[in-house]
Amino acid sequence: MRIYWLTSSLKLLNCNKNILRPTGVHRNLSATVQTNGENTQVTPPPPVIETVENNNKNPQQQRALHIAVIGVPNVGKSTFINNIINHKVCPTSAKVHTTRKANTAILTTGQTQLVFYDTPGLVTQNEIRKHHLEQSFKSAYRHAIQHADIIAVMQDASNSWTRKELHPTVLDTLKAYAQLPSFLVLNKVDALKSKRVLLDLIKTLTNDTLNGKRPSKKADLPSREEQATAGHPLNKRETSWNHFSDVFLVSSITGSGLQELQDYLISAAKPRGWRYAANVYTDEKPESLIVESVRARLLDYLPQEIPYNLKCELEYYNVEKHVVYTSVVVQCPTPRIERLICGESNGKLRQITERVTSDLVEMFGQAVSLTISTISGGKKKA
Ligand SMILES: Nc1nc2c(ncn2[C@@H]2O[C@H](COP(=O)(O)OP(=O)(O)OP(=O)(O)O)[C@@H](O)[C@H]2O)c(=O)[nH]1
Ligand SMILES: [Mg+2]
């Protein structure tokens with residue numbers, strides 16, 4: 001098992017700027033404009049990114065690795081993926097449950113294509129019920145893992161309440177897919193006052209299997225009976241995993257440690273044809289990225305549970321002369337909540353709109369004209 005320390009602060013961002021030219025989300029799908037309930041097909045927008053220079057067009061020489069990134073809500077999975085591919089394709093927010101379905105993010109460099117599956121935070125059935133989450137929450141990460149060659153388990157190293165234990169949902173997932181290799185990513189190390197806790201944390205989470213004496217196959221996992229006779233009471237909750245092949249310490253925000261992780265994944269890639277063209281960063285539809293970006297910023301700007309009860313819908317989407325024109329409607333359950341979103345003289349809504357617009361400009365690499373309107377009790381307010 002290897003551990004990767006923080007040695008390469010911000011290297012990734014600098015390095016990738018050379019590999020990937022200024023970019024946006026590639027889309028070759030025909031856009032659908034919805035106006036007054038009618039669907040009109042419009043010409044697909046031109047690709048908005050420059051093609052990454054790729055000298056390796058021969059599929060025989062291509063390599064690829066598909067990585068499922070899993071972890072409990074808010075550990076930084078989406079931020080990590082955006083920064084490791086050096087491109088914003090996954091909406092993020094400071095609140096939990098920002099990602100609601102599996103998103104794909106792609107990095108193609110040299111001969112290798114890395115495909116990351118961003119997943120919703122792992123939740124129990126009880127949490128799904130309690131927070132009115134869609135059942136797709138569970139199926140989304142299953143879908144991601146089923147398509148993955150390797151699992152990245154992300155843990156928030158800065159959270160002193162949760163960092164010492166792998167959540168039961170994470171362990172259940174690892175057990176269910178024990179045939180897949182996995183590695184541990186301790187994220188948010190920038191937020192730690194002292195890095196001294198990290199070594200203990202690694203020992204705890206890996207069950208001190210750093211000395212290389214760990215079993216590597218599912219068949220090697222001890223049975224419940226063996227655990228009991230080995231002095232592990234059956235009712236003792238498991239909180240660690242013996243089978244991580246590596247541990248990485250990263251800060252997805254500063255980029256620290258991401259270059260090593262990228263190199264590791266590139267070296268683990270298998271000889272295999274690429275699933276996506278070299279100039280594609282996501283297979284997500286732009287319409288869906290727009291709605292998810294609005295939703296993510298509403299989570300940031302509105303207090304407590306309020307944003308979770310809002311419904312966002314795309315009203316219009318079109319690309320003309322390299323400008324994305326789009327509008328999103330936010331359905332509010334009550335006029336009071338609508339007033340809260342709009343703020344005095346619509347100041348808050350304007351702020352949210354500006355913030356989402358700059359997110360979308362970053363995503364698409366194109367000018368964006370966005371309108372967000374609110375609706376409550378059937379009355380619309382732009
Ligand atoms: N300090 C610090 N904050 C981070 C880091 N990575 C992510 N965050 C913050 O953590 C919060 C959650 O980030 P996300 O990327 O949305 O987390 P997530 O795991 O995708 O969350 P869900 O989609 O809700 O499961 C955001 O406020 C991020 O800015 C990091 O390395 N350091
Ligand atoms: Mg997320």
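Positions of Cβ are set from backbone N, Cα and C atoms, glycine also.
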Need the matching range: TrEMBL marks region 'G3' on one of 118-121, 162-165, 206-209, and I'd like to know which.
118-121
Examine the ranges 71-78, 127-134, 351-358 and name the one recorded by TrEMBL as region 'G1'.
71-78
Just to confirm my parser: what is the rounded mean pLDDT across the region 'G1' (71-78)?
96
